[in-house]
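**Student:** The structure under discussion is supplied below as structure tokens; questions concerning it will follow.
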Amino acid sequence: MATLAFSTTTTTTSNTAFSLQKPPPSSSSSSSHALGSSFLRGTVSLRVASGRVSVVKSSRSGLAIVANGRKAAKVERDESEVDQRFRLNNLSPQPGSRHRQKRKGRGIAAGQGASCGFGMRGQKSRSGSGVRPGFEGGQMPLYRRLPKLRGIAGGMGAGLPNYVAVNLTDIATTFQEGEEVSLEALKERRVLNPSGRDRKLPLKILGDGELDFKVKIKAGAVSAAAREKLETLGCEFEILPKKKKWVSVQYSKNQARAEAYFAKKRGESA
């Protein structure tokens with residue numbers, strides 16, 4: 001009988017494969033093999049018949065050594081090793097983060113048999129999409145009962161601003177006579193710092209405060225109060241054009257056809 005000694009050592013190399021290395025022959029009748037791994041540690045000796053090949057199997061819990069078809073010994077992982085490297089063969093989810101899926105329709109004793117928790121008949125127990133989101137059986141749904149969300153035309157974006165606003169008070173404290181007031185200039189002087197959705201909005205001048213010198217206005221819109229005060233000072237205006245909304249070619253044709261039709265109707269009625 002020959003004796004095989006399996007010794008596991010800790011290495012810092014990136015190679016994760018197990019290797020069996022045969023030592024130089026000795027005068028004794030026993031031979032030893034060294035088994036290297038990056039996350040196992042320990043030594044186990046196993047007596048096997050001479051001339052037979054031993055099988056080494058790795059598992060999640062450790063290393064199982066099988067000789068002649070029989071499991072003879074097992075080397076557990078050393079969990080106290082702090083410098084353990086993450087590799088594909090030792091990764092696993094956090095305990096409790098993964099749950100087994102319920103197996104429905106496998107008998108009443110399993111807890112989810114018979115109707116499988118869907119109840120007795122009705123729309124919600126049938127296959128298919130079921131009740132659409134927001135439907136309340138025909139009564140006025142919540143998203144239409146609330147004034148903020150009333151109707152389809154208003155929707156969630158009904159109360160969102162269309163401009164980035166600045167008042168005459170901010171212009172008076174930040175700019176001097178003859179300078180140009182634009183969105184870029186307001187950003188450079190830290191008067192406005194739009195973020196998110198506001199970064200794509202144009203500038204609007206509001207009439208809160210007083211201004212006693214001329215400036216050049218370059219904005220997307222000016223309120224009526226601000227326009228009156230700026231025109232009194234003789235300020236120059238440059239109203240930027242609005243961004244055109246994209247429409248399909250077919251929509252443009254239909255719109256032109258409708259305008260021509262209603263113009264003809266108005267002419268006939270006159």
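Cβ from N, Cα, C; glycine included.
Heads up, here are the entries from TrEMBL:
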REGION    1-36  region 'Disordered'
COMPBIAS  1-20  compositional bias 'Low complexity'
REGION    69-136  region 'Disordered'
COMPBIAS  73-86  compositional bias 'Basic and acidic residues'
COMPBIAS  97-106  compositional bias 'Basic residues'
COMPBIAS  108-120  compositional bias 'Gly residues'
DOMAIN    166-237  domain 'Large ribosomal subunit protein uL15/eL18'
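How buried are the listed features, and what sits near them?
**Tutor:** Counting only same-chain residues 6+ beyond the ends of the compositional bias 'Basic residues' (97-106), those with a CB under 8 A from a CB of the stretch are 112-113, 116-117.
DSSP states for the compositional bias 'Gly residues' (108-120), grouped as helix (H, G, I), strand (E, B) and coil, give 3 helix, 0 strand, 10 coil.
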**Student:** Across the domain 'Large ribosomal subunit protein uL15/eL18' (166-237), what does the mean pLDDT come to, as a whole number?
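**Tutor:** Averaged over the domain 'Large ribosomal subunit protein uL15/eL18' (166-237), the predicted model reaches a pLDDT of 94.
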**Student:** Could you break down the residues of the compositional bias 'Basic residues' (97-106) into DSSP helix, strand and coil, giving a count for each?
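**Tutor:** Helix (H, G, I), strand (E, B), coil: 0 helix, 0 strand, 10 coil.
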